[in-house]
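Q: Okay, handing you the structure first.
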Amino acid sequence: MPTITLPDGSQRSFDHPVSVLEVAQSIGAGLAKATLAGKVNGKQVDACDVIDTDATLQIITPKDEEGLEIIRHSCAHLVGHAVKQLYPNAKMVIGPVIDEGFYYDIAIDRPFTPDDMAAIEKRMAELIDKDYDVIKKMTPRAEVIELFRSRGEEYKLRLIDDMPDEKAMGLYFHEEYVDMCRGPHVPNTRFLKAFKLTRISGAYWRGDSKNEQLQRIYGTAWADKKQLAAYIQRIEEAEKRDHRRIGKQLDLFHLQEEAPGMVFWHPNGWTVYQVLEQYMRQVQRENGYVEVRTPQVVDRILWERSGHWSNYAENMFTTASENRDYAVKPMNCPCHVQIFNQGLKSYRDLPLRLAEFGACHRNEPSGALHGIMRVRGFVQDDAHIFCTEDQVKKEAADFIKLTLQVYADFGFTDIAMKLSTRPAKRVGSEELWDRAEGALADALNESGLAWEYQPGEGAFYGPKIEFTLRDCLGRNWQCGTLQYDPNLPERLDASYIAEDNNRKRPVMLHRAILGSFERFIGMLIEHYAGSFPAWLAPTQAVIMNITDKQADFAREAEKTLNQSGFRAKVDLRNEKIGFKIREHTLLKVPYLLVIGDREVETRSVAVRTREGVDLGSMPLEQFAAQLQQAVSRRGRQDLE
């Protein structure tokens, strides 16, 4: 009979097969009441599942991250229960867990409205209050098919067809409603009280716009009402910081239907963009990169040789001319190999670091586009390092150091680093993978910072390092990457003359720090709520006169600051000074300079910040020196 080993090493023996819940009951009533599911020998199971052999067991409760996922998945099923009660003709599709929530795709003959969402949420709350048990039944495949056929759930039947090897399937019953799932799920609806439906959108069956359109209901669920309230508050703050809203408020950019996924940069936004580009250009030059420029439109022959045509063609914009097929480049890598291939390269030429602010275009689905965060036309701070295998560790270590410095300059210091290792389907010998993963791991260790493995998440040809930033709202943004690639040099016949006078393939390290400029600027807008640090602000200082008598000195102050390399503007409108101050505060200009008669006499400016802090009156030269200090600190000003 089973002996159960618990996480603390203690053991409990039973004289009969025992469920996860029964083990929890043997430990204590409090734990039993909180039990959602279990992990038996590392595998998640339902609380009702029976253990009949010796095993390790971890009880999963709402306090566990895995517990939250189970709550959210069960809430998705609860959406199905409520929808089928309110709209019996609706057909249920899929309801997975996503980051901080869940959704359910539903086929129905009309779009859901906000009133529908409110009704569904109300019915879900009523069902939760019934505290009914969720019943699991492992059911033979034929019976599952017959059940869903009798209920007219055609999408469930299609999903079953996708799993030909499954002989039995888990059915989860919410009273009269039933759904198919691997589980686990909550044992009772009392665990689902802290939920909220958040929005409705359209979706396509299997994510393909050629298929029928579905309605997608999004929601979130948490362990308790306190966590839910904190999440709602965070989402409300995120909405206030939405880069699309602030982009319009600060006149940074716009998007329009005639160019979906393409950004129209306005002067203010283009200023921010140029500051980023000039900064990255300087950083890369100081770290041994040489800048190149490659064509936007390239013959399909190159994309076929690189492998992109067979694997990525549907995401490429194509055109034809004079009986030749071309593609607008979706990435820069094959073109950089062409530059490397010009002229004979020696081991003495390596490492060669080619950088490009490369404009790329990808035919993203229209439903996936999101402001400037997810676009079709974008520019990357892209670079490729061609090096020997022995140079990989140092190049990776230098890149990690550089990347963390850049993020700190933008005000990001909470960085997660992950090493994605060999997937099941891969090319190359085990020895090559060992060396590649070892070099990247050693480089990460040299940083002195914590990092973690992502087993099996590497590309089929090599491991990679990923950098994820956490912003002021606690959201994670995956930005930087370093990808080890011996494959593309092989496909595109890149080589160098080694010390032994034989030709060898270089290792190619694909790397980016910001990712796309568009997405990174969107992140900065939301992180700072539009209140950019002085070095990034489109206008760093605005000079305002009180009356026309101070206009000449105001113009002189503007000219002096601009000639000193700052971005200053003058506001000479015949408006009250309070009105001007309020307007430029709303425009989030870092420094507001007021000039009255006394300032003209003393050739000074009265300085206040956009936060309303009065810095007093000071000579213009002194203000310029202080502004220079703020600019020099970049985004580190709040971190020191």
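Each residue's number is its place along the chain shown, starting with 1.
Keep in mind that glycine also has a Cβ here, set from the backbone N, Cα and C atoms.
So Swiss-Prot says this about it:
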DOMAIN    1-61  domain 'TGS'
REGION    242-533  region 'Catalytic'
BINDING   CYS333, HIS384, HIS510  Zn(2+) binding site
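Describe each of these features in terms of where it is and what it packs against.
A: On the 0 to 100 pLDDT scale, the domain 'TGS' (1-61) averages 93 in this prediction.
Around HIS510 (Zn(2+) binding site), taking its Cβ as the centre, 21 other Cβ atoms fall within 10 Å, counting all chains.
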Q: For CYS333 (Zn(2+) binding site), which residues of its chain lie six or more apart in sequence with Cβ-Cβ distance below 8 Å?
A: SER306, HIS384, ASP485, LEU488, MET508, HIS510
Q: Of the residues in the domain 'TGS' (1-61), how many are helix, strand and coil by DSSP?
A: 14 helix, 24 strand, 23 coil
